[in-house]
Each structure stands twice: as structure tokens, then as C-alpha cells.
Ligand SMILES: [Zn+2]
């Protein structure tokens, strides 16, 4: 099995660190809980859900840890704006995030951690960095990581420490820093900010230190797989490497780094000011979780993905086709075998090739086309139908794209849809449009997609 590793910029053979080759330790950066999660988050977390599930399908024993950032500048800002305490605010959005992941059937995470639950470990790691000469104190400000002590800085993002200053956030700003890109490890708190008393002084953690303190505690100083959205590569993940490799002296901190690409909305970066900010809750009002998952997985994870009406409608139609196909399989009663083993092999080959779910989806539709023709002339036997269904369930246990129950479309509507398809194939669009009007009169809507007609209740 091969995985594209951001660190080496190549597809590498996947070999976990465990000498027996069984256990896999996996960590993904969760959200900073100052707002509802958006569909960009859905992309990231659905993808890593599939990664964990496929590794388990492959027989690995995966421990999947996700951290939720519950202390950060944006949280403090919003709490002050909303007149809430930081604690109140983060609980609201943490709950919202967990609701969203549940709704999206993201259920592979073994443990969610909160940054503020690990202050002791964070302080300990900062102390280690101080002892080893990788950190320094600025009076009245906080502790910073000294980038001049870590020549490897930039190896993940493939840039240099001198290019670091373009990506620092407010918390890392100080005129007294030794190097431009030095980042905060521990910040002395201003009045009205949450703070913790510690041997470092009263303050709060910087953004990057929480993840390494948490993984060091649960996994040790080195582990297998670290993921997060591509915008976290620099400086966040780069900083994690600097911290952990400096603290432990061991390299590499993480063996495989995975970063799914951006999600845009109608070809634009999602932002509140552009009015194209779509939360997971918004998306789930209109579309099923399977549709959202399908949309995410129909694309290779490292490529950019655009969220727009056509893409989601297509995904909805595709999910409908797969569900219909499975229903039709139960009617099989013919005499001929269908050999599924080839498809199983191709499924694993595609997933083994850097989780190429887009290829898996193409494979599913190749299968439905071939089997459909056997269902039409009722030549498929029951045993083969059972095996095909089992195969699709196996795929579904990894991808989660088949709805448990399908909205029932009345037979009268299904007949009209078929009639309309026939007319369209005969290029008789005038009559086809009349049928469409009849369908709409009965409260249904029909849209045409690359996966055939999409029927929904109006
Ligand atoms: Zn993180």
C-alpha cells in the first residue's frame, strides 16, 4: 500500500513503525472551536475517517486521536464579542462539531482530546525545550521557540525559516524575537484572558505546542501518521516538527504526513465576507450525509474540490443510483454467475494507491453497468447477487456512501421518469418536457446529471 507523504513529496510504501507491522498511530488536527464547522472541514474529516477505516479493513490496528483546539486567539476574540466566557463558547462549538461528525457518520476516531486538558504536558514540553536551549523567554510576553537552533525548519513545507514570517499569527508577534519566524510556546496572559498558573508563569499555550504535548503523551515522541488540511502544513505542522524533534532528539517525529486539498465554493475561497460560507449543518439541511461523503470521495483527496449545485446534485443522483441498484439485486432470479473477485482486487488496488476513492467510485459504476444488463434480462443468479451486495457493503463500511434507507419514490413517478428517459433518448424533447411537467405537478422534481436523472420531492 502506498501513501503520498508531504514530507518526502513521494508516494511511499506504507510500513508502520510497529515491529509486528500491525499497530498504527494516527493523529489529525481537529477544529478550533470558535464557530460552526464548514464543509471544508467535512472534506478533511470525511477523508481521514476513510483513511482510518481502510487501514482497519486492511487489518491494521489503528489508534486514531483527534485534538480539538479550545484555546486560541480567535476563540478569545469571539467570546469577548459574544459576551460569553471562553469555556461557554468552546463547549457550544465543540458540541456542534461532534454533532456534525456524527451526522456525517465519522465514527472512526478513538479519542478526542482538548488542548486545555493537557496543560501539564504542554508546560513540561516547554520546560524541556528551555533546558535543551531551543526556547527563550521574552519578559512580559512569553516563551518562544528559537528557530536558529533547528536547521531542519521548513523540511515539511519545503521552504526556509526566512520565509516563515509570512505565516505567523497575532500570538507570535513580538518585536523582541530573535528570529522572524520564532513562534510562541507559552504566552503570558493579558487581563480578561483565560490563564493557567505554571512554573513558566501564568499564561496560556501557543497554538502548535498542544498537538506535540498530546501526541507525546499518548503515542510517544514518534508515531506513524499525522493529518490535517493542507493550510496547516505551514507553519503549524512545521512548528510541530521543530518542537517534537528538538524536545526528543529523535527523527522523524512523524513518518507519514497527509494533507487533503482545499475546498472552494463556486470556484471561490469560502469566507463569511463573500457570503459563501457553508456550514456542515447548512449542507445537511439539503443533502444526505451519504451525498456529502460521496461528493468528498468522488475526488482524489489531494486535488482541489469545488462545492457547487451541480457537484452535489450529481453526488445525490449517484447515491440514489447505487441504492436503487442494491434494491434491484434482491430481485435477481436468473441462472448466470457473475464473478466479483476481480472487482474486489481492483477496489483494494485503488485504495492501496494513496486512497484513490475516485477510482473506487468509477469501479462501482462500472460494476452497476455490467450487472444492470444482467438484471434487465433477468440472467443474474441469486448467489452472485448476494456476493455483489456483500462486496458493496464491504466498500460501504469504508466509504459510507450508501444510505441505510432510501426515500421511496412512488411507482407512478418512477414510470413517468422511465417514459421521459425513453423520449429523451429518441430526442423527443417536447414530449419529454410534458412528462417533466406532469412529474412536477405531482410534487417531484427531476434533474439530469451524469449519473442519470435525479428525482427529489419538491
Ligand atoms: Zn493541530
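Yeah, the Cβs are placed from backbone N, Cα and C, and that goes for glycine too.
Shown in sequence order, the list is empty: the chain has no residue 6+ apart in sequence with a C-beta less than 8 angstroms from the C-beta of residue 272 (ATP binding site). Per TrEMBL, ATP binding site is recorded for 272.
Long-range neighbours of the coiled coil (413-440) within the same chain, counting only residues 6 or more positions beyond its ends whose Cβ lies under 8 Å from a Cβ of the stretch, are 446, 452-453, 455, 458. The coiled coil feature in TrEMBL is assigned to 413-440.
Under the heading domain 'Cysteinyl-tRNA synthetase class Ia DALR', TrEMBL lists 346-410.
According to TrEMBL, the feature motif ''HIGH' region' maps to 31-41. Remark: secondary structure over the motif ''HIGH' region' (31-41) totals 3 helix, 3 strand, 5 coil, with classes taken from DSSP.
Annotation comment: TrEMBL describes 269-273 as motif ''KMSKS' region'. Note on the motif ''KMSKS' region' (269-273): residues 38-40, 262-263 of its chain, located 6 or more positions outside it, place their CB under 8 angstroms from a CB of the stretch.
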Can you tell me whether DSSP puts residue 272 (ATP binding site) in helix, strand or coil?
coil
So, by DSSP, how many helix, strand and coil residues make up the domain 'Cysteinyl-tRNA synthetase class Ia DALR' (346-410)?
45 helix, 2 strand, 18 coil
